[in-house]
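A.B. asks: Please see the structure below; I have some questions.
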């Protein structure tokens, strides 16, 4: 007999017992599709060992969802091979909200999608058992794929001592680490989404492939909800809205480096202005460091050896330089410009820095994935005893900032990786415990990601949920035990000795471009007044009303409002439609009655009309709406 643990209970089972056999002793075992054994995702068919700790997975768990989608990718490949036996499968990974599989020697169109889906349904109805098997060595594995140069390339690159596994379901088998579902019967709802061209290993010099994207769910209801979400996401696409609202553009001359238009800069400036106010009140000092720094700096920071492939480099006077991909090293140099005392700690230093990173052209996407962006970094220098309290301060800042935009979020604590880390065990334990206690005190829900911290320290990641329930990783709080030592930073302790400070590195927006993209989609282009690129548009009925309109425009601009005037010859109804299409918060129509009575006809972008509003009431209301950072209209 061996003893294992599940749900904090101990179980004695026979040697050779599988996770699936243990699951039969538990409630709702029919929902289990996989298992975490000692925190690693595994098949239900996995044999248990003495001391194992188990957590059974359903399709609602992140790890279970990944297993579900991974198996669905195999179903897609099996269906394609049944329909086009000469196709050559390559790889089929899980991606956000679905999966894809790449094929060589295949040509299909959208008209083939129903045929693929019908074939997948047949495979599901066959309830094929999914089995894992391993190869004794590389030669045995290579013999399994004699006609597939892609699989053989992958096999040859594996380390000599690495276990090589494959999975089979019916006539189909595929090289794969797994884990997978117990059978094909679980995939009740399957959808082919689109196809695209691809290259083997993303290299344009290699073989051309056809990529088929899909998604799947345990029920048709869940699939329908997901497809509705996709349609809603299309309506909210920040790239479409960014062009429609004249906020930003992408130019072929500079891929992945957005061009912000005047209207976009109004939103940008409002974001930065709010960020500065928030950080000034929280005791941060702002700096600005250079874009370009020499190789020596990047060697000290470790970027030259470990990150050079993602950096833009150049030579000046025979010396190597790089455009900064991160703000951190520049802040280290600022810290070293003078001596520091423990009395200054926590020393909070913030920077909105423009950084550049090499990204594959195929990975670029609007404002979400770019090569040039602004990062709102801050570095807090402190003593080990101050870590918990300062982390709590940062978490309160996070709550304030995201609450201002009406964004829900959750936090994830990533702990020490198993290998290739710096710092001794006691320091890691102290740092992780401090972050954990701060999270508990904050009262914000969080989950723990064992082993997913950075090599230089544990971290807290901020995941935002938008209006259509998508999640985005934005900000981060990282305890860095690496850079202060690399740059030989020091401070004077209370005892008069020199010591290396602890450093908390944090970003709240993360990439400001990306955060703006999230806001555009979350608000569907309908920005709250304080963020809006056009808060008020004055619409004249006739030319004789233009002088009064200009008078109001100039007066309101002096109050800090973003006001425009439409005195064109278009009809009033057309002017109103134009303003509504640009998501202007308030439209003011000026005619004879309004001028004679010194009142305003106000129309909201929701098409509510409020007549005979006094100028004083209108201004007082919208200035309150703007200054209070209200997310809803107050008029």
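For all residues, glycine too, the Cβ spot is worked out from N, Cα and C.
As annotated in Swiss-Prot:
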type    : residues      : note
BINDING : 328, 379, 505 : Zn(2+) binding site
DOMAIN  : 1-58          : domain 'TGS'
REGION  : 237-528       : region 'Catalytic'
A.B. asks: Check each residue in the chain of residue 379 (Zn(2+) binding site) that is at least six apart in sequence and keep those whose C-beta is under 8 Å from its C-beta; list them in sequence order.
C.D. replies: 328, 331, 335, 349, 503, 504, 505
A.B. asks: Where does the mean pLDDT land for the region 'Catalytic' (237-528)?
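C.D. replies: It averages 93.
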A.B. asks: Need the DSSP three-state call for residue 328 (Zn(2+) binding site) to compare against my parser.
C.D. replies: helix
A.B. asks: So how many of the residues in the domain 'TGS' (1-58) end up helix, strand or coil by DSSP?
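C.D. replies: Computed counts for the domain 'TGS' (1-58) are 8 helix, 24 strand, 26 coil.
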A.B. asks: Take the Cβ of residue 328 (Zn(2+) binding site) and count every other Cβ within 10 Å, whichever protein chain it belongs to.
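C.D. replies: Total other Cβ atoms inside 10 Å, all chains included: 23.
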A.B. asks: Other than 328, 379, 505 themselves, what residues in this chain have Cβ atoms within 8 Å of the centroid of the Zn(2+) site's Cβ atoms?
C.D. replies: 327, 331, 332, 377, 378, 478, 480, 483, 503, 504, 506
A.B. asks: Note down the number of other Cβ atoms within 10 Å of the Cβ of residue 505 (Zn(2+) binding site), including every protein chain shown.
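C.D. replies: Other Cβ atoms within 10 Å of residue 505 (Zn(2+) binding site): 22.
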